[in-house]
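Here is the structure we will look at, set down as structure tokens.
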Amino acid sequence: MAGGKIRAKLRQSNLYTFCRKPKADETEAPRPIQGAGFTRTVYCNQPHFHQKKPYKYRSNYISTTKYNVITFLPKALFEQFRRVANVYFLLAAILSLTPVSPFSPVSMIAPLVFVVGLSMAKEAMEDWNRFLQDMKVNRRKVIVHKGDGVFDFRPWHKIRVGDVVKVEKDQFFPADLLLLSSSYEDGICYVETMNLDGETNLKVKRCLEVTSPMEDDGAFKDLTATIQCEDPNPNLYSFVGNLEYDRQVYPLEPNQILLRDSKLRNTAYVYGVVIFTGHDSKVMQNSTKSPSKRSGIERKMDHIIYILFTLLLGISMISSIGFAVKIKFSMPDSWYLRPDNTTDMYSPKKPALSGLIHLVTALILYGYLIPISLYVSIEVVKVLQASFINQDLLMYDEETGKPAEARTSNLNEELGQVDTILSDKTGTLTCNQMDFLKCSIAGTAYGVRSSEVELAAAKQMASDLEDRDDELANFPMRKHNAHVSWENGIGSEIELETVVTSNEDKDRKPAIKGFSFEDSRLMGGNWMNESSPDVISLFLRILAVCHTAIPEVNEETGSYTYEAESPDEAAFLVAARELGFEFCKRSQSGVFVRERYHHSGRPVEREYKILNLLEFTSKRKRMSVIVRDEDGQLLLMCKGADSIIFDRLSKNGRMYEEATTKHLNEYGEAGLRTLALAYRKLEESEYSAWSNEFQKAKTSIGADRDGMLERLADKMERDLILVGATAVEDKLQKGVPQCIDNLAQAGLKIWVLTGDKMETAINIGFACSLLRQGMKQICISTTNLDTLGQDSKETLCLFTNEQAVKDNILNQITNASQMIKLEKDPHAAFALIIDGKTLTYALEDDMKHLFLGLAVDCASVICCRVSPKQKALVTRLVKQGTGKTTLAIGDGANDVGMIQEADIGVGISGVEGMQAVMASDFAISQFRYLERLLVVHGHWCYKRIAQMVCYFFYKNIAFGLTLFYFEAFTGFSGQSIYDDWYMLSFNVILTSLPVISLGVFEQDVSSEVCLQFPALYQQGPRNLFFDWYRILGWMGNGVYCSLIIYFLNIIIFYDQAFRANGQTADMAAMGTTMFSCIVWAVNCQIALTMSHFTWIQHLFVWGSIAMWYLFLLIYGMLTPTWSKNAYQILVEALGPAPLFWSATLLVTIACNLPYIVHLAFQRSFNPMDHHIIQEIKYYKKDVQDQRMWKREASKARQETKIGFTARVDAKIRHLRGKLQKKHHTPVSTQGGMSPS
Amino acid sequence: MSSNTAPSSSGGAGSADATSTRRHSKRPKYSRFTQQELPACKPILTPRWVISAFMLVSIVFIPIGVASLFASRDVVEIIDRYETDCIPTTNRTDKVRFIQSPGPKKCNRTLKVSKRMKQPIYVYYQLDNFYQNHRRYVKSRSDQQLKDPKSESDVDACKPEDMANGLPIVPCGLIAWSLFNDTYSFSRNKQQLTVNKKDISWKSDREHKFGKNVFPKNFQNGSLKGGATLNTSKPLSEQEDLIVWMRTAALPTFRKLYGKIEVDLEENDTIEVILDNNYNTYSFSGKKKLVLSTTSWIGGRNDFLGIAYLTVGGLCFFLAMAFTVVYLVKPRQLGDPSYLSWNRNPGGH
């Protein structure tokens, strides 16, 4: 399956003017267009008609902002108060204005305003950026017909329906246009639709014949025409409409429509008339509102909030019932409360009403259980975390000068929990650049450079073997016989290879684009000295002639560059040029090739007359040209997928088949795209007979015309003689294979979703090691001819009805699932490859779960030819079907859907437009930074946030419950034992900084260790730090602490004097002591939680405790009007009392004792991975015993079936199997152990 | 694609410069802080640390516990509960009516000193079931008014004891209104023991919270009489009983300082107490106790602190031992890679 195709399905007739003039007989009757859905009328060149109803359509102004100046406040506020917690805080703030509240209103309103204000400011900032981006687009200039044949620039947003615009080369189309004419005389133009569908090859659009003569500005002076067409809709590939011009009606096709956001390529200019503007355009119709995303932890936090809210309600109910009971039965006796003269709040006559009012008081009083500061702190922490991501120099790309960017900060911790990565291909994994790297000519392999995959694999293999050596050295018992022998065998081989390649790696100069070939045997004309120079020259001639590209002269240097629809074709031409066969001119009838090395010693220009061009289709998988060279010799040159070519070789054309096949396999394994080249000499008579027939077929009209042409082409492309094969490297972005390997080892699943062809996708799969030789490929396809054996006979054309297709796909899926189930080999890996058409069926409700089941069982999944919408649908399926966290990464506008749909969207801020980045949550400039983003930052952020949230709940439970216990001692009256200001400062200055430092600076292990031990990442997806066990544990700890703090203090300060001077403790003294205990306990707790202390943590934790005493001191110095009973409390009352200090010490230790015991226990009996690694690092064992460290690091990698480690493993298994067959007897006596 | 390679001739160099400067500005600046590479200490809980921490705690806690316990035991306390005994037997069926009836309610109590009490001996009254911490009660005071004669009518918070006969009450509020009014006088062997009622309140209260020029006004003039009346000629800053009373207690059972006896009491001394039983705790069936107590450095008599210290210290000692045993019996070499998850259950990642 290593064969490759080079070009998309393009209609030759539409493409190449030099082959054949456009058909004149296309006189399809115009469809009657009317009724619902087809109401749009466009008066071409008369935009003034569109100024009033009913022809006034939307302007070309686009806006992707959520708010405008007027709607911002209400809308943003509404967004904020969709959070349940915020509503609760708002209610509490409103109630704090009434006498019901136990606290002062300021202490309730200020934090709420802060939180809401902060979030709204963030929203406003983001929206402003969107607005700027929109304005940038809206202000782009385009040339518009202003009347009387004068064209002038106008910003995009001022374009109206009916305007005639002129778009020049490499410009984007400002709106959906009807192509009127182009710089080519037959009205074709090339369009790059990368931003729409991610397809990299150019598409050809062709105007109607009637409009093609309008070739200059003047032609539009008096142009009038009317278009009747469909209403705006999101369907990119269809268009229905009629053009009424000169009292004639012509039908319009998608082929004449130029879509907004696609780009004009290879064409000097085009004229077009605007049909759909702004939000009516197809691409805007396709865009979806960016959803607001929340991380899993945040969602879970909501559940905890609900639990706490229930708890809050519970204790409030208990309080208010207790209050009602007390007020009814014991208050009438408490004369000192004046029960005879009360308001409703304390009325013994209406205990129910008083109880109800008290419920509100209690809800506010115990509000500390639901900390508003949690939201503030999390917000602050996430912004800081995001700034660390932005500042990371290791994710900064020197070439583009772009640092990583966390665009939304609320998903940081989600990065640590990713399970599946859905990746785009072009621009993300690959650079969309093809390099000619190797070739096999006449059975000899040329090209000494290794592909990146080979290099990476060799490196990996070498270090792997080293590890294995270590393993052998350390565990002699595990040594097994075969080990030694194969070790020596391959080890040396690989070492050699590594040496060679690594040397080469250095001097790999930034050579000619598209050409990485290096072999002195062919270069510089040396090929003439090779054993079969004829074949080599033929090979190069095929490369230079059999294509569809156009040369372009660079006027400065005089060298040629090539405009081809696919980059690999350009690579062939560059290769041919560099090796001496420079394709320099294409005329209507022929191709001119300048041969630099000739027997005569001087360059010769040869002309090849192109007689026929047998186009490339994905079905044919080959293209051929029939040419007549200068000697009059008729030649058929053919290039195509190896399997196809090999089937068509003549008996005497198979000379090099064996060697070439071997080379092709090697190339395929190295992740290269291969094509086989062959030729055939034609007899004049044979050709003319065929040519007649072909011509006849071409001009015939009928349903079977294409079939006929194909059969005829097939007839010609037989008895070929194999010349050789090419291997082109689809240049991966830097570090992609390693990154994929490491991510796979971190336990992540990687799916590739690409708009490209299946073959391209498969090649990239190989290049990225997502696929490898020996992996069972399950191709689910409706055009499944050769990939799945038994279905091949049922060609697709037979499936006319949908149900049959569906049944067939269902069948394929169930068969494949069955196959996987029956597979016994634990190393067997499956790859699922599915194309977009099939996906439409597979994503239907009844089938999608089956499909997902199959996909999850496969080691790698590649979806090709998928539309942007399907990308989003697949993402949704994975997200919802597996319930795991998904990450989508892409670079183009076609990835926007999936980026928005996935839990996390990552945009590559590379060369393509900004749409993907604008829609993304994180932007990085290279795919390889994903590893650091996930494995380091994700891991850290996840743990930080998880620990922080847990701690927050602990701290607030510990604090909030003491309030409740005290209630029971005050007759549930709603009095708090602490001063208002203590409580306010608790969350603001006494405990916030340590928890923020935990959330921002905590590192369980250093970043290098994170990368060395990818298995640590799995703590995130398995959610070890935020599972209910842990959350409830922390809550339990909180309850325990609250009990200890409250009751120890109560009993210690019970009724006796608390100091030598005989004073007894009043409420202020007791409350202050209790509060000191809380401050100590929670801050010591966080110190125990942290494992990484920089000066910042020390400062914050111990500083917070010091802050409490400082606060007490300062607060105590204020006038009693402010400080009330806390006046001079530390200096006068508590400071000199030993009981105060000894109580603090006792309570602090008692509170933290269980946690220390738990920690010590866990560490000694059930240590987690990061504990061990911390210990190793602590004792510097990694330095002393580097072998062990390396061995563990390699073991920490997940068993994986993809990535080149897996590939190396598979290869080693394969070799071992071979060796075991050879060595029947064990070499050493230590045999019998099974291979590890 | 080839179009990418084609240089944009004229503006080429300039734009390259521009981009390079732009690049520089976007490059994050290196600092150990932004790269999260600050030097850090990474303590880990090694067995040695665990055991020594527990040992340390027990070594510190047990002596503190013993010391506190001794200190607490040193305190001599005489408690006399009198609320029932001080009501004539005939009136015991309706104590509330008795206490609310006018006239003196003298009561004689005899206390026996079980152990030598060194001066100063603190005299407390202890109330029970009295919710001084009730929110309605706590809030019912006006600090402004207590401090400043100008704020006399600042009585909003004092409801329902804010005004009487159309005039503001000084001091207003439920707390002041319900001031404790039992009085005690002590004699030993017919010899009067002076109770020093000076300096029983916090100095800061006297000096900063209760004004020297604020005099009680219109106090206990309402239809309903609460507790004690105040000497209108003494400024509030000198009304120490009130000041003590106004420091609301945290719990419904509380003691408040009444005065100090500044002579030593010998063992087996008998102390006669003449008390005025005025205060109504009978409505809410609260106890009244008279307490004489010495103090030590931990204050009054309370064994709990010592016991708690000993318990925690003992527990830590036990834990230290337990962990020692655990580490001896089932040692785990620190940083032993075989405990890593992938070594413990291979393949089961």
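Just so you know, glycine gets a Cβ as well, placed from its N, Cα and C.
Just so you know, TrEMBL annotations are computer predictions that nobody has curated.
Record features (TrEMBL):
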{"type": "DOMAIN", "residues": "A:42-109", "note": "domain 'P-type ATPase N-terminal'"}
{"type": "TRANSMEM", "residues": "A:84-102", "note": "transmembrane segment"}
{"type": "TRANSMEM", "residues": "A:304-325", "note": "transmembrane segment"}
{"type": "TRANSMEM", "residues": "A:355-378", "note": "transmembrane segment"}
{"type": "BINDING", "residues": "A:Asp424, A:Lys425, A:Thr426, A:Glu569, A:Phe616, A:Lys639, A:Arg673, A:Thr754, A:Gly755, A:Asp756, A:Arg865, A:Lys871, A:Asn894, A:Asp895", "note": "ATP binding site"}
{"type": "BINDING", "residues": "A:Asp424, A:Thr426, A:Asp891, A:Asp895", "note": "Mg(2+) binding site"}
{"type": "ACT_SITE", "residues": "A:Asp424", "note": "active site, 4-aspartylphosphate intermediate"}
{"type": "DOMAIN", "residues": "A:917-1167", "note": "domain 'P-type ATPase C-terminal'"}
{"type": "TRANSMEM", "residues": "A:952-969", "note": "transmembrane segment"}
{"type": "TRANSMEM", "residues": "A:981-1001", "note": "transmembrane segment"}
{"type": "TRANSMEM", "residues": "A:1031-1055", "note": "transmembrane segment"}
{"type": "TRANSMEM", "residues": "A:1067-1088", "note": "transmembrane segment"}
{"type": "TRANSMEM", "residues": "A:1100-1118", "note": "transmembrane segment"}
{"type": "TRANSMEM", "residues": "A:1138-1161", "note": "transmembrane segment"}
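On the structure: features taken from TrEMBL.
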residue	record	DSSP (3 states)
A:Asp424	ATP binding site	coil
A:Phe616	ATP binding site	coil
A:Arg673	ATP binding site	strand
A:Gly755	ATP binding site	coil
A:Arg865	ATP binding site	coil
A:Asp891	Mg(2+) binding site	coil
Maximum Cα-Cα separation in Å among residues A:Asp424, A:Lys425, A:Thr426, A:Glu569, A:Phe616, A:Lys639, A:Arg673, A:Thr754, A:Gly755, A:Asp756, A:Arg865, A:Lys871, A:Asn894, A:Asp895, which the record lists as binding ATP:
33
Residue counts (helix, strand, coil, in that order) that DSSP gives for the domain 'P-type ATPase N-terminal' (A:42-109):
31 helix, 3 strand, 34 coil
Is the number of Cβ-Cβ pairs under 8 Å between the transmembrane segment (A:1100-1118) and the transmembrane segment (A:1138-1161) three or more, considering only pairs separated by 6 or more positions?
no
Distance check, please: Cα of A:Gly755 (ATP binding site) against Cα of A:Asp895 (Mg(2+) binding site), rounded to an integer number of angstrom.
10
Whole-number Å distance between the CA of A:Phe616 (ATP binding site) and the CA of A:Asp895 (Mg(2+) binding site)?
28
Using all protein chains in view, find how many other C-beta atoms are within 10 Å of the C-beta of A:Asn894 (ATP binding site).
33
For A:Asp895 (Mg(2+) binding site) and A:Asp424 (ATP binding site), determine the Cα separation and express it in whole Å.
7
Determine, to the nearest whole angstrom, how far the Cα atom of A:Arg673 (ATP binding site) is from the Cα atom of A:Asp891 (Mg(2+) binding site).
23
C-alpha spacing of A:Asp424 (ATP binding site) relative to A:Asp891 (Mg(2+) binding site), in angstrom:
7
Taking the Cβ of A:Phe616 (ATP binding site) as centre, how many other Cβ atoms lie within 10 Å?
23
Residue with minimal Cβ packing [other Cβ atoms within 10 Å] among the binding-site residues A:Asp424, A:Asp891, A:Asp895:
A:Asp424
Let me know how many other Cβ atoms fall within 10 Å of the Cβ of A:Thr426 (ATP binding site).
26
Can you name the residues of this chain that are 6 or more positions from A:Arg865 (ATP binding site) yet have a C-beta less than 8 Å from its C-beta?
A:Thr754, A:Gly755, A:Asp756, A:Lys757, A:Met758, A:Asp835, A:Gly836, A:Lys837
Let's check the environment of A:Arg673 (ATP binding site): how many other CB atoms sit within 10 Å of its CB?
27
Applying a 10 Å Cβ distance cut-off over all chains shown, what neighbour count does A:Gly755 (ATP binding site) have?
29
